[in-house]
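S.K.: Sharing the feature lines straight out of TrEMBL:
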DOMAIN    6-303  domain 'FAD/NAD(P)-binding'
BINDING   35, 43, 48, 88, 121, 285, 325  FAD binding site
Ligand SMILES: Cc1cc2nc3c(=O)[nH]c(=O)nc-3n(C[C@H](O)[C@H](O)[C@H](O)COP(=O)(O)OP(=O)(O)OC[C@H]3O[C@@H](n4cnc5c(N)ncnc54)[C@H](O)[C@@H]3O)c2cc1C
């Protein structure tokens, strides 16, 4: 077994998991925060980055992405171990220690907080078959490194905020940037669409992507076949990179294998956010209890309740009851 045993491992890096991780670090616990995507933030970051939120205490108006920025800033103060691109597939208990199996390493922990929202987000992928090796260099579903698009011919696919915003940003560094969307109208903020019109992005709509192959003359490049909607018009655009922003799908079916008691698709929790399993708690959108609201405000409150109960269970001798956090000032 790995030497490192965390006090609490939090599965899911949305608002619930991020704030719970911060709060647990503030209580001096050893914390792992595990997120299946390459970045933290959950729904506000992935589903509605530019939409404004008006019901988070002390923040009269904040966008999804700015809320994530603030949560990250707060979390960075406390230095918590983050496992990104890491999806937990199973949880098993051996000798009072929970073993979390992931697509990467196994994580060992005394307590777990499940904060998986609607389940693990995965990007919605192209639905036709293509050579999977294209994903190594030419096809992205996320921008991991903006530098990889520098001086390249880039096709961005999609019509939402992410696709519009990325095409504008990439057009500043790419050689040429195309935006392919199946409708003539975008589902993005009006201000972003106005910026798009002023940019050098070449808009190809209404087209859908029908095929993706290596360019036969130059294997570093790809040929993207586009079909015009309600027409037989076919175009093949040769590019270096294709960035697909078709949104996300989520999957919470995994919970059935974790032996955690469910009520419909949700985890049943006590007033102290306990599940039926020892030292396994759950918070945020995935839980249900009488009066539960699926809001960020409630998710934020549930974290401290779960962390405090875990702390009481793990270290009953510790003085855990602190009204004022100013005692944590260094
Ligand atoms: C369009 C829209 C608008 C909204 N507007 C508002 C609003 O104005 N105000 C408000 O309060 N709420 C709003 N909400 C609801 C709010 O976003 C949710 O209540 C909140 O995101 C719940 O946070 P969470 O951390 O529980 O879950 P999520 O935000 O869903 O985060 C869960 C995270 O867990 C990760 N994960 C899941 N499974 C695994 C796994 N097995 N391993 C590792 N990681 C995993 C996921 O990838 C995800 O990042 C809105 C929701 C939507 C969809």
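Using N, Cα and C of the backbone, Cβ positions are placed for all residues, glycine too.
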S.K.: I'd like to verify something. Among the binding-site residues 35, 43, 285, 325, which ones have a C-beta closer than 6 angstroms to some atom of ligand 1?
M.R.: 35, 43, 285
S.K.: Counting only other Cβ atoms and using a 10 Å cut-off, which of the binding-site residues 48, 121 scores lowest?
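M.R.: Comparing Cβ neighbours within 10 Å for the binding-site residues 48, 121, 48 has the fewest.
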S.K.: Looking only at DSSP and grouping its letters into three states, which state does residue 121 (FAD binding site) belong to?
M.R.: strand
S.K.: Test of understanding: give the count of other CB atoms lying within 10 angstroms of the CB of residue 35 (FAD binding site).
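M.R.: Summing over all protein chains shown, residue 35 (FAD binding site) has 27 other Cβ atoms within 10 Å.
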S.K.: Since the record lists 43, 325 as binding-site residues, which of them has the fewest other Cβ atoms within 10 Å of its Cβ?
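M.R.: Each of the binding-site residues 43, 325 was scored; lowest Cβ tally within 10 Å is 325.
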S.K.: Count the other Cβ atoms sitting within 10 Å of the Cβ of residue 285 (FAD binding site), across every protein chain shown.
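M.R.: Counting Cβ neighbours of residue 285 (FAD binding site) within 10 Å gives 25.
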S.K.: How big is the FAD site in terms of the longest C-alpha to C-alpha distance among 35, 43, 48, 88, 121, 285, 325, in angstrom?
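M.R.: Roughly 34 Å, rounded to the nearest whole number.
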S.K.: Within the domain 'FAD/NAD(P)-binding' (6-303) only, compute the mean pLDDT.
M.R.: 95
S.K.: Under 8 Å Cβ to Cβ from residue 88 (FAD binding site), same chain, six or more residues apart: give me those in sequence order, or none if nothing qualifies.
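M.R.: Sequence-distant Cβ neighbours: 11, 34, 36, 100, 101, 102, 107.
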S.K.: Helix, strand or coil by DSSP: which one applies to residue 88 (FAD binding site)?
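M.R.: Assignment for residue 88 (FAD binding site) reads strand.
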